[in-house]
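This report refers to the structure that appears directly beneath it.
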Ligand code: XMP
């Protein structure tokens, strides 16, 4: 079940790498949007009853037999349509124009000349101006379908932007959704507001109210159980559900002893003290550390933690008499069914840990109130619900916790060393005002010892690696560049204050080829 939105835009996905960004830009313009793969676009269209359609890019070519098409219903609906890149090509092809295989293509930065006005350019681009855009295409439109005119041109694309004002169809060869098209967000906002005539009133307050009504309708008088991980997503989901159904919700926090310094206390005091939400706090440190003893292989550690987490959670759920629903903080990027043109399952790099499998085993239905939101929208909803900023703005933290930041065997002693060093590192990052500029920062305790000299004595102790990355979604990342004296200061503090560490290094690897976590 999903919330009914008064104003919405359907994005038909043809498999572009950047389709999610179109949804982001439309939501930034204040209109709710959803992505549907072209294969299920017809159903999504009937369910959503949108006021406008956007067609995404694609790695495919319209000239290839069997390549994706826009469902005819969408053209028959009379609604405004915006085609982007492949979207422009398939629109042109399906409406009777001509697309040819480009002999060279245009990739990267390009400039378009505005030759005529149109609703997309309102208040933004004037005739005679030149504007920077980001192109990525091989094929191109060579003859327009009836009723279209070219309103912007580029050296590689004579039909860089085209318009059919009567039908309210617009299309562009470049990608307005990426930041390398500086006016792209405003072009998309013009489509949503000026062409589709939407008011753009989608706010988090509206979302919160609608979601609460939806949760009440879904759950009725049933009981809901929610696993808290200590992270933002499950906390926001729990607070929202509690606002909807109060005491029908019980939260279970399985404390595996692999949390950062003070983190478990923070979760418990926030839920019990601040929100007065029923919370079962299971201290399972001994169980987890006992089972991790002797395990050194990263996947073996991950699998043990995942399995044990589910067992403990299940036991606790039974103790409180079971539940009809399991609440999870699943986000939109996890539910988008992206279209694959290469086929075949992708390689498992790391088995991510979650509570998968539980709902069937315990005969529970899922409540996933965040499944339409992106990470930063979840943070905004958290603030809207009154969660403290320090909690909402937290860096992501992996389910298996510190265990995957201690390559080799995990022991209580090594967890304690890492916790102390990590706390110093994060404190310095906060003091320097850098916390929010970083996607994730943490320390890794290496299974390596090095020789040092402290006072007049020799030391032979642990080596620590510091990691900090910037990223937008965790899929790719680059190492954060700290100002000159920052890292030496942190290294000195850690070696002086944390017994057991005598050397500190910094990890400059980006993802790919590295990953963010070390295991
Ligand atoms: P990697 O290391 O794969 O991490 O580059 C990408 C992002 O995912 C987080 N991560 C996890 N999160 N369970 C989680 O909930 C996991 O098992 C897990 N492993 C990695 C990681 O912290 C980063 O944000």
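Including glycine, each Cβ sits where the backbone N, Cα and C put it.
Automatic, uncurated: that is what TrEMBL annotation is.
Feature annotation from TrEMBL assigns active site, nucleophile to 85. According to TrEMBL, the active site annotation covers 175, 177. TrEMBL lists 202-394 with the feature domain 'GMPS ATP-PPase'. Residues or ranges marked as ATP binding site by TrEMBL: 229, 230, 231, 232, 233, 234, 235.
Under DSSP, residue 231 (ATP binding site) is assigned to coil, being neither helix nor strand in the three-state scheme. Contacts of residue 177 (active site) defined by a Cβ separation under 8 A and a same-chain sequence distance of 6+ are given as 18, 21, 22, 24, 25, 84, 184, 185, 188, in order along the sequence. Other residues of the same chain near the ATP site, with their Cβ within 8 Å of the Cβ centroid of 229, 230, 231, 232, 233, 234, 235, are 228, 236, 329. All protein chains included, residue 85 (active site, nucleophile) registers 25 other Cβ atoms within 10 Å of its own Cβ.
Each of the binding-site residues 232, 235 was scored by other CB atoms within 10 A of its CB, and the lowest score goes to 232. Counting Cβ atoms from all protein chains shown, residue 175 (active site) has 23 others lying within 10 Å of its own Cβ. Cα of residue 231 (ATP binding site) to Cα of residue 175 (active site): a span of 34 Å.
Around residue 233 (ATP binding site), taking its Cβ as the centre, 21 other Cβ atoms fall within 10 Å, counting all chains. Across the structure, residue 235 (ATP binding site) and residue 175 (active site) are spaced 36 Å apart at their Cα atoms. Calculated from their C-alpha atoms, the gap between residue 230 (ATP binding site) and residue 175 (active site) amounts to 38 Å.
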